[in-house]
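Report on the following structure.
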């Protein structure tokens with residue numbers, strides 16, 4: 001099977017990045033601490049791409065993404081802790097279970113709430129996130145393995161950089177193929193003008209639910225990987241601020257840009273860790289201020305985001321040309 005030019009460049013770039021990280025590990029330049037940070041960045045890339053499908057490409061404002069991230073983490077972690085015992089086959093099965101639970105819950109709540117628009121949808125997803133957080137804190141009353149407000153530990157730590165890197169590449173390709181498919185184009189048309197899309201015969205409810213389920217399933221997958229990389233899960237790790245993390249990444253990277261989401265996700269995780277090292281215990285107190293400051297500065301300096309809906313060529317199939325909003329506007333004005 002012959003690879004297209006852009007796909008070949010994508011895999012070549014991925015291979016170079018992988019080799020570079022391995023060389024840094026071997027030389028000691030990449031310490032175990034910063035290796036953990038890098039692994040976390042890749043996990044956040046997966047979760048952020050999920051929200052990018054929901055908000056960046058379909059225009060559905062969600063403030064509860066961390067809830068699905070947490071559902072995937074607790075589902076995969078609990079299953080592997082009780083039944084897996086470090087078995088790699090069960091590790092993959094638990095990841096699929098975490099993604100499936102997050103996707104199923106998204107389907108159940110998506111059918112009613114996706115009829116809402118804009119701020120109302122955001123409020124509904126925020127409320128759902130609070131419900132899930134409370135459920136995590138009290139879940140031990142039904143399932144003691146979850147740990148409740150004290151958190152859950154003991155999940156087999158079988159996720160390592162090589163595995164996380166490969167899973168991230170698979171997700172990037174999956175999202176790319178979805179975005180540039182007929183389904184992805186329909187979702188983008190809903191973001192641009194839902195009424196016009198409806199008039200053109202697009203089943204807007206179907207595609208909004210599809211995007212919501214896929215995006216939340218990716219969040220669940222990311223959560224499942226997180227549960228197998230870090231030894232302790234706590235409800236506080238999946239609160240509103242974590243949802244805000246994902247939202248900031250998608251907005252700062254540029255709505256409708258996979259490239260922006262990926263680059264911003266990695267940069268955001270490393271920025272937070274650098275600030276954590278610099279500020280020490282004061283980081284928690286200043287975190288909200290830092291978020292607000294970064295958001296205000298970005299809106300003033302570059303309101304359209306870092307990549308403004310544009311993609312690196314290696315993320316665009318060879319037979320397609322990425323059309324930005326600006327180009328679309330110019331084309332329309334020329335008719």
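Even glycines carry a Cβ here, placed using N, Cα and C.
Positions annotated as transmembrane segment by TrEMBL: 33-54 (among others).
Annotated transmembrane segment per TrEMBL: 66-83 (among others), in sequence order.
Among the features that TrEMBL reports, transmembrane segment is placed at 89-113 (among others). Away from its own ends, the transmembrane segment (89-113) comes close to residues 68-69, 71-73, 75-77, 79-80, 83, 121, 124-125, 128, 156, 158-159, 208-209, 212-221, 223-225, 227-228 of its chain (Cβ-Cβ under 8 Å, at least six residues beyond either end).
Taken from TrEMBL, the feature transmembrane segment covers 120-136 (among others). If you look at the transmembrane segment (120-136), the same-chain residues 6 or more away from its ends with a CB under 8 A from one of its CBs are 60-67, 70-71, 74, 109, 113-114, 146, 148, 235, 238-240, 243.
Taken from TrEMBL, the feature transmembrane segment covers 156-175 (among others).
Among the features that TrEMBL reports, transmembrane segment is placed at 209-227 (among others). Proximity of distant same-chain residues to the transmembrane segment (209-227), defined by a Cβ-Cβ separation under 8 Å and at least 6 residues beyond the stretch ends, is recorded for 40, 43-44, 46-47, 49-54, 57-58, 60, 62, 65-66, 68-77, 80, 94-95, 97-103, 105-107, 110-111, 114, 155, 159, 164, 167, 171, 175, 178, 183, 187, 233, 238, 246.
For 247-272 (among others), the entry in TrEMBL reads transmembrane segment. Taking Cβ pairs closer than 8 Å, the transmembrane segment (247-272) reaches residues 37, 40-42, 44-45, 48-49, 51-52, 55-57, 62-63, 65, 172, 175-176, 179, 188, 191, 291, 294-295, 298, 304-312, 315, 325 in its own chain, all 6 or more past its ends.
Annotation source TrEMBL lists transmembrane segment at 284-301 (among others). Within the chain carrying the transmembrane segment (284-301), a Cβ under 8 angstroms from the stretch's Cβ atoms is held by residues 241, 244, 248, 251-252, 275, all 6 or more beyond its ends.
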